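S.K.: Annotations for this protein, taken from TrEMBL, read as follows:
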DOMAIN    B:4-178  domain 'Electron transfer flavoprotein alpha/beta-subunit N-terminal'
BINDING   B:Arg199, B:224-225, B:238-242, B:255-262, B:Asn276  FAD binding site
Amino acid sequence: MNIVVLVKQVPDSGAERTLSADFSVDRASSSNVINEMDEYAIEEALKIKEAHGGEVTVLTVGPAGATDSIRKALSMGPDKAVHVQDDALHGSCAVATSKVLAAALRTLNADLILSGAESTDGRVQVVPHMLAELLGVAALTGARKLTVDGSQLTVERQTDEGYEVVTAATPAIVSVWDTINEPRYPSFKGIMAAKKKPVQALSLGDLGISGDEVGFAGATSQVLEFTKRPARTGGAKVVDEGNGGEQLVSYLATEKFV
Amino acid sequence: MAEVLVVVENGVKKVTLELLTIARGLGSVSAVVFGDADTAKLGEYGAEKIYAASGEDVDGYLVAPKATVIAELVKSVQPAAVLLASTQEGKEIAARLAIKLDNGLLTDAVEVAADGTATQAVFAGSAIVKSKVTKGLPIVTVRPNSVTPVPAAASPAVEQLTVAVSGTDKLTKVVERVVEQKGSRPELTEAGIVVSGGRGVGNADNFKLVEELADLLGGAVGASRAAVDSGYYPHQFQVGQTGKTVSPQLYVALGISGAIQHRAGMQTSKTIVAVNKDAEAPIFELADFGVVGDLFKVIPQAAEEIRKRK
């Protein structure tokens, strides 16, 4: 099975994050990491390859610095990577990014596209269904379990109430939550091997996309204002000396919650 | 006045009433309903018109048919905006609509102005962004608990829509829908009160304590990632970076240290209270009221005190 995993480099969610002066996500002053949920997608791809054979390709759209995340992804075990990189991409909205991903995916002929359910920077969750719409393939999103039987895919999709069982035939895109597996740690051998794995660079021109369809020029939405919220400040803190529960309820009563 | 479409995915929920309340500020409200929905309730909150679509072609497949029905409706009525709930499915419908209409979209709004400008809380609730759609009409998904629903009686006429979906809309079949654990508790993202447990709860059995307090307060139960990863509570109740974002009136954090990944899902709550045995736990930096103590002593006493006051 020919599997492509979408990997996004994001600012570390454990550190301070902000927007640049042009209101794009500030990637220069933050430490950038592979989007955590994408590691689960890579793990799932590797498990499917181990069970059914095939090839795993990592696909990233991002600036030059995203190479670090691509090597990190490859060190887990995928065979190769494709990196779409172009200065004109800076400031792209989700719609434009999806069009670029779709164009790159058309060159890769994937049976199965895997992605994280969301990225930790935008948390927008829209890209998998946008790709399904653009490519005319099935989308099985929010997976906590994926079963592959020949060309038939079965997914347990997490919902607010529980889960849904959804099925489709390949080609398809499946997005996964962190409940689906436990990603492997790259081995030393994997890290060394990743340095030699092929990373194909693609520009917008290679994909037949013009610069004004993407970036700020082609954006379908615009940020008007960005303001930091004042940090929350802690209020009263009491040490329980036998009546902590009563004190808690007294507080809740003054706030009219009980 | 132009119509504003409010998408009702699966029955009328609290967030639906919030969407109707916001939509009234943008135009004449039309609800788009899939399957059974309480039309009287929609009228009570200002829906002037109801478009209804149903049938196996909608129910039997994942998301895509709903997006096709809405896209056709948008083309014929030319609404001023489309509002959806910021749920997984709401965002997925919005995603497909944006592509079908070659249109911008904004997700996770907490406020939508009359001109469609949306206010969004970003980066774990640490910053606020105002954005607008610059291509096409505003397609905006709104987070539950963003506004208080306000009734405004209307008598909506119901118009049945013809569902004409293509083969590609039917690629993903829904075989089964399983409700795992719901009971009478409010839905996590919609709840006015959320009581969450973390690693400090210790084991799955002890979560009964968290549930008991939630039930006494009429709230939903949540869990930190540490608690979910340890198998104490199911993932759909996880609050934080890789789980749900909640913004209730009251958030009660029990045995939760308050790592940034957890804060990401709850720090826009109006009031936060915390119980933790570690006086240095970062959760106390956010808590309006904190108790440093053993939650196995503090919570039963609090529960008893609430019962006494009832």
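For all residues, glycine too, the Cβ spot is worked out from N, Cα and C.
Thinking about packing and proximity, how do these listed features fit into the structure?
M.R.: Taking Cβ-Cβ distances under 8 Å and a sequence gap of 6 or more within the same chain, the neighbours of B:Gln238 (FAD binding site) are B:Gly222, B:Ala223, B:Ser224, B:Arg225, B:Val228, B:Lys244, B:Gly265. According to its DSSP assignment, B:Gln238 (FAD binding site) is in a strand.
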S.K.: What average pLDDT is reported by the model for the domain 'Electron transfer flavoprotein alpha/beta-subunit N-terminal' (B:4-178)?
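M.R.: Averaged over the domain 'Electron transfer flavoprotein alpha/beta-subunit N-terminal' (B:4-178), the predicted model reaches a pLDDT of 95.
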S.K.: Using DSSP and three states only, what is B:Ala259 (FAD binding site)?
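M.R.: Reduced to three states, the DSSP call for B:Ala259 (FAD binding site) is coil.
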S.K.: Let me know the most crowded of the binding-site residues, choosing from B:Arg199, B:His262 and counting other Cβ atoms within 10 Å.
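M.R.: Of the binding-site residues B:Arg199, B:His262, the most buried by Cβ count within 10 Å is B:His262.
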S.K.: So which of the binding-site residues B:Gln241, B:Ile256, B:His262 end up next to chain A, with Cβ to Cβ under 8 Å?
M.R.: B:Gln241
S.K.: Let me know the DSSP-derived helix, strand or coil state of B:Arg199 (FAD binding site), please.
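M.R.: B:Arg199 (FAD binding site) sits in a helix per DSSP.
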S.K.: Counting other Cβ atoms within 10 Å, pick out the least crowded of the binding-site residues B:Ile256, B:Ala259.
M.R.: B:Ala259
